[in-house]
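Presented below is the structure to which this report refers.
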Ligand SMILES: C[S@@+](CC[C@H](N)C(=O)[O-])C[C@H]1O[C@@H](n2cnc3c(N)ncnc32)[C@H](O)[C@@H]1O
């Protein structure tokens, strides 16, 4: 059975009532329109459901016609994802973000750029790990993940086995995983944890973290980090 996106939730309420979590300012009416009109069309959720969870998978061939597939985890306002989509029309990009205001911002940017190679999951990246085929992604981005600064909250960080193990399974051998963070202790945890999951840190010298990627565009969160005097770190890993 296939799960077709429809214009309305079965209850008749607009989809935006069911996506993500609301946070921050209310949505402008134009943003509500983006959510109502565009989100169902941009869903990666053409999942073939099966009683066996191992066979419940997204058909990426149908979604992107055989293009390389990249994943952005926590796209915030979506500026980086739209930038990459426009620069790389031969790639299909799936973005995950539970922050509904961010999803609405992204949809506005997709309309403006006219990008047709983005699909949006308005929720947790772990939902995608459940439905993506293994070894299907050639790139993943984790850009300024939530820092969880208190020590007792470090286990909530994305760079923990709970997230890294399924992410590693979804990446192809040779795939690239980029992590940007402005938190030194996050760098420590990333360099400690990510290599345990079959990734090699691609740094010729330790200070290579200072250089942004050649195709980088600064994100909203990075701009905030600069304003508050924090230093970005750019880490690149390759999946073995
Ligand atoms: C600090 S913000 C950075 C946003 C954006 N990448 C940037 O650089 O501006 C971290 C984002 O990750 C999202 N996030 C947190 N946990 C997530 C998860 N499990 N799956 C997807 N997104 C997540 C949050 O909602 C938040 O928008």
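Just so it is clear, glycine is given a Cβ too, placed from its N, Cα and C backbone atoms.
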Binding-site annotation, TrEMBL, S-adenosyl-L-methionine: partner of 97, 124, 146 in 61, 72, 165:
72
Over all pairs within 150, 182, 219, 220, 221, 222, the annotated substrate binders, what is the largest Cα to Cα distance, rounded to whole Å?
24
I need the CA-to-CA distance for residue 146 (S-adenosyl-L-methionine binding site) versus residue 182 (substrate binding site), whole Å please.
10
Cα within 10 Å of residue 221 (substrate binding site) is the criterion; apply it to the binding-site residues 72, 97, 124 and give the hits in sequence order.
none
If H, G and I count as helix, E and B as strand, and all else as coil, what does DSSP give for residue 72 (S-adenosyl-L-methionine binding site)?
strand
Sequence-ordered binding-site residues from 72, 150, 182, 220 with Cβ under 6 Å of an atom of ligand 1:
220
Write down the Cα-Cα distance for residue 124 (S-adenosyl-L-methionine binding site) and residue 150 (substrate binding site), rounded and given in Å.
22
